[in-house]
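Working notes for the structure below.
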Amino acid sequence: MSNVAQADIYTAPEDFVAKAHIDAAGYASMYEASVADPAAYWAEQAQRVDWIKPFTKVKDASFELGNVSIKWFEDGTLNVAANCVDRHLEIRGDQTAIIWEPDSPDTPAKHITYRVLHENVCRMANVLKAQGVTKGDRVVLYLPMIPEAAYAMLACARLGAIHSIVFAGFSPDALADRINGCGAKVVITSDEAPRGGRKTALKSNTDQALNHCDDHVKCLVVKHTGGQTTWVAGRDIDLNAEMANAGTDCPAVEVGAEDPLFILYTSGSTGKPKGVVHTSGGYLVYAAMTHLYTFDYHDGDVFWCTADVGWVTGHSYIIYGPLANGATTVMFEGVPTYPDAGRFWEVCAKHKVNQFYTAPTAIRALMGKGAEWVEKHDLSSLRLLGSVGEPINPEAWNWYNEHVGKGRCPIVDTFWQTETGGHLITPLPGAIPQKPGSATKPFFGVTPVILDPNTAEVQSETKAEGVLCIKDSWPGQMRTLWGDHERFEEAYFTQYPGYYFTGDGCRRDDDGYYWITGRVDDVINVSGHRMGTAEVESALVAHARVAEAAVVGYPHDIKGQGIYAYVTLMNDTQPSEELRKELVKWVRSEIGPIASPDLIQWAPGLPKTRSGKIMRRILRKIAENDYAALGDTSTLADPSVVDDLIENRMNRA
Ligand code: PRX
């Protein structure tokens, strides 16, 4: 049976629908119930989690400016790690919880059962405890995609400590900012992180970062590659040795539903990255539920989300959602193109993956290598495909559907954010027919509204376009920004009072389907990674030769968006190719490789209004190579700078 296509609407094959958790009628009635009486609905859904003390209050949420407060299940208590591990021991202790697939296909994969996971989580929790980590303490993880990353997350959860993962691609400076930002007591890292056959020296990066942190911060080190590291006595601790000596039992600490589970830093349109806080009860309910329904996960399935645990997708759909559901989850250390462009498909075949979840940027990159890399592998185990992180263009959707899904796997295009904890808008595969490029319909309990960007008026017609906001809280929603509730209100609730503002543009078609059109703020999406243009600008101006910088996104065939920087040099500095390379290197060292500018244009002047505000609209247009429609430039202090920028534009595609 194959997906049934009708004028670009794809319905899942009959046999898929017959087995699915939710069908069309089920979605309609459950969605209606979820928004008609959220408290009753979520009280029932929260039973999928084991509570130590049951909650009596379900929801207490206000989006009112000056008084934003979000609480779910607030008087209940639980332990997240016990929910993800211990409660499965009795019936599925010997089932594989995590399949670890290493960077090199020549290194054997590991199958970690729930029993072994329990043992290792307890060992690591005992090591953390011995370092004085207790409930509410912060622990930063800066790790490759290795089982120890999962053990460390769950060990923190077991103790009620709060983890904050820093993606291994971030620089020492970025790591130091995050360690200091959350006041971490401990950093967990490894000697090196292998990726695509290359190694990143994580321990040496951590050493550099710790030079800028409090002397009391301890460093637990996983020996992974065996690479050489320097050792600071009294600060550095050999985690493997400590774990080997630690006890295999560690009581799970009872925490309140609203106690923080993790902090995850993400880029915003202004200033430094923001420490998004997720709490324990609501987040877990939401991650588990979206994992089950969006991916139509059934007992015994093998689920693979290709993200890194350094991003929210890895938190919710490699670790917390799948493990709460007693799933088998694949954790992949490598990259899609190493050792060749068939790696994803080889791994799918090897581990008989049933649900496969990746980002459009990876699909586009692999599409460019040719379908022959897919055809080599037996993908008959696949039942469902997923996409996340950025809008998926119809060409990539069609390629994914035809070559990977062989026309028989529904594709779930899941729209969500670090802030939302789990999917907000997504097809439910047995219930909602898909249109390539549309995230389709809201998940249960999610109330999207489209507002006019200028008047903030709600667009009540079915067919509408504007900015995407959410009217009411859902359990997976972030609760605050670490240590800065004011900034939380300012960033998400000020522009459109009374609503949670996603920062995305959106249109709704005649069928009520949602189409995300991309960020409307100064955040760009590079290979599915969020980057604040302000962050890249402040990295650039920190260089001694740079006087001023303005950064915008531009369309990029593989990455979705590329980073385009306009740089004004100091008066005494001559532009050169060498300096261009140096600036790229500089940004990599200030933030990390993911922030590398793709194009740098020397700008003798930037287009500014008479009050000195940079007119980014003009810079975006030039970067997009769409300079014919620049609009009104008469309000510029010096309109002639625009001609120079157009003449020397870097993107002539
Ligand atoms: O612009 C949207 C885009 O990614 C942003 C969130 O980025 P981040 O917090 O890093 O989380 C990424 C993974 C959840 C959103 O504001 N985005 C995410 N998913 C989609 C998307 N844009 C279009 N379609 C999607 N499916």
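A Cβ is built for glycine as well, from the same backbone N, Cα and C atoms used for every other residue.
Cross-referencing ARG383, ARG519 against the ATP binding annotation in TrEMBL, which names GLY389, GLU390, PRO391, ASP413, THR414, PHE415, TRP416, GLN417, THR418, ASP504, ARG530, picks out ARG519. Of all the binding-site residues in the list ARG195, THR313, GLY389, THR418, ARG588, the shortest Cα-Cα distance to VAL546 (Mg(2+) binding site) is found for ARG588. Of all the binding-site residues in the list GLY196, ARG198, VAL541, the shortest Cα-Cα distance to GLY389 (ATP binding site) is found for GLY196. Proximity of the binding-site residues (PRO391, TRP416, THR418, ARG519, SER527) to ligand 1: a Cβ under 6 Å from the molecule is found for PRO391, TRP416, THR418, ARG519. Candidate recorded positions: GLY197, THR313, ARG588, LYS613. Nearest to ARG519 (ATP binding site) by Cα distance: THR313. It is THR414 that, of the binding-site residues THR414, SER527, has its Cβ surrounded by the most other Cβ atoms within 10 Å.
It is 35 Å from the Cα atom of HIS543 (Mg(2+) binding site) to that of TRP416 (ATP binding site). Least crowded of the recorded positions (ARG195, ARG519, ARG588, LYS613), judged by neighbouring Cβ atoms within 10 Å of its own Cβ: LYS613.
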